[in-house]
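Q: Pasting in a structure now, in structure tokens, and then I'll have a few things to ask.
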Amino acid sequence: MDSEYVKIGDFQTRLQAVGHSIGIVMAAFFVGGLVLSTAGVLLLAPFVDIRLPDGGLTPFANAVGMAWQFIGFIVVVVAYLYRYEAWSLIGARLPTLRDLGYVVGGFLALLVLNIVLSVIISVIGVDIAQNAVVGMGQENPELFLYLIPINLLLVGPGEELLFRGVVQRLFKRAYGVVPAILIASAFFGVAHFVATLGQGASGIATYLAVAAVLGVVLGTVYELTNNIVVPAVIHGVWNAMQFATQWYVATHDGPEQVLVVLAPF
């Protein structure tokens with residue numbers, strides 16, 4: 001028997017969930033990750049030096065490109081909601097005290113789960129890839145400082161609107177709450193592939209799996225609160241803390257082992 005937790009929607013609803021989810025994720029990465037991020041950096045060129053002596057982008061230019069990427073995510077989501085009159089997909093309101101409790105609980109759940117996963121990965125002995133942004137920041141720690149506000153204001157809201165707000169809710173209509181959380185988390189994990197390009201296949205697979213598992217926490221919190229602000233805040237604060245930690249370790253010879261446990265996604 002169908003329920004709100006698990007159900008099988010009609011064929012059109014299921015087809016729409018798959019097609020629209022793939023389409024909006026691809027559009028977000030094209031518009032944000034390619035068009036706007038590239039244009040944003042190029043528009044800087046007449047005003048500031050965007051290149052390092054070795055030819056790479058400066059930390060500021062990289063940060064601007066990343067900011068525009070997630071502005072692009074938000075633009076694509078808003079365009080989708082407008083085009084399909086699908087505003088009801090997004091539950092949003094100013095956080096209540098109950099919501100703030102879920103912010104704290106969700107953050108702690110991410111921390112505990114990340115530590116558990118790190119222990120499991122260490123015991124099993126598998127490799128895990130590193131987000132390319134971390135490598136860039138380790139070479140130029142200034143980048144980590146730029147990424148703190150970008151993650152709070154743009155990455156958290158942008159990714160949560162896309163993966164939880166739209167993808168998860170489309171699959172919820174088609175299959176119910178539980179499959180929707182799992183499928184949207186899988187989309188979320190796979191989407192991080194671009195951040196690990198050029199690394200070993202097994203390490204990439206582990207990284208994507210970890211991101212997907214952590215995404216389950218964010219998806220669950222969204223369904224419990226019906227407020228996209230809650231997972232957006234958790235996600236943004238989590239990543240901001242990671243980049244603050246990365247900056248401290250890179251500039252103060254901090255304990256490198258903490259970087260295995262604390263990783264942005």
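Using the three backbone atoms N, Cα and C, a Cβ is placed for every residue, glycine included.
Copying in the features that TrEMBL gives for the protein in this structure:
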- 21-48: transmembrane segment (TRANSMEM)
- 60-82: transmembrane segment (TRANSMEM)
- 102-124: transmembrane segment (TRANSMEM)
- 143-241: domain 'CAAX prenyl protease 2/Lysostaphin resistance protein A-like' (DOMAIN)
- 144-163: transmembrane segment (TRANSMEM)
- 175-195: transmembrane segment (TRANSMEM)
- 201-222: transmembrane segment (TRANSMEM)
Q: Is the transmembrane segment (175-195) in contact with the transmembrane segment (144-163), using three or more Cβ pairs under 8 angstroms as the rule and ignoring pairs under 6 apart in sequence?
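A: In this chain the transmembrane segment (144-163) contacts the transmembrane segment (175-195) - 3 or more Cβ pairs sit under 8 Å.
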Q: At a Cβ cut-off of 8 Å, and with pairs 6 or more apart in sequence only, do we get at least 3 pairs between the transmembrane segment (21-48) and the transmembrane segment (175-195), yes or no?
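A: In contact, yes.
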Q: Taking residues 6+ outside the transmembrane segment (201-222), which of them lie with a CB under 8 Å of any CB in it?
A: 91, 102, 105-106, 109-110, 113-114, 117, 121, 126-131, 160, 163-165, 168, 180-182, 184-186, 188-190, 192-193, 228, 230-231, 234-235, 263, 265
Q: Mind checking which residues reach the transmembrane segment (175-195)? Cβ under 8 Å, same chain, six or more beyond either end.
A: 2-9, 14, 17, 21, 25, 29, 33, 131-133, 159, 163-164, 167-169, 204, 207-213, 215-216, 218-220, 223, 265
Q: Using Cβ atoms and a strict cutoff of less than 8 Å, what residues sit near the transmembrane segment (60-82) while being 6 or more residues removed from its termini?
A: 20, 24, 27-28, 31-33, 35-41, 44, 48, 50-51, 89-90, 133, 136, 142-143, 146-147, 150, 154-155, 157-159, 161-162, 165-166
Q: Let me know the model's mean pLDDT on the domain 'CAAX prenyl protease 2/Lysostaphin resistance protein A-like' (143-241).
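A: Summing pLDDT over the domain 'CAAX prenyl protease 2/Lysostaphin resistance protein A-like' (143-241) and dividing by its length gives 97.
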Q: Who are the long-range neighbours of the transmembrane segment (102-124) in its own chain, taking Cβ under 8 Å and residues 6 or more past its ends?
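A: Residues packing against the transmembrane segment (102-124) from afar: 95, 206, 210, 213-214, 217-218, 221, 224-225, 230-231, 233-234, 237-238, 260-263.
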Q: Work out, from DSSP, the number of helix, strand and coil residues along the domain 'CAAX prenyl protease 2/Lysostaphin resistance protein A-like' (143-241).
A: 91 helix, 0 strand, 8 coil
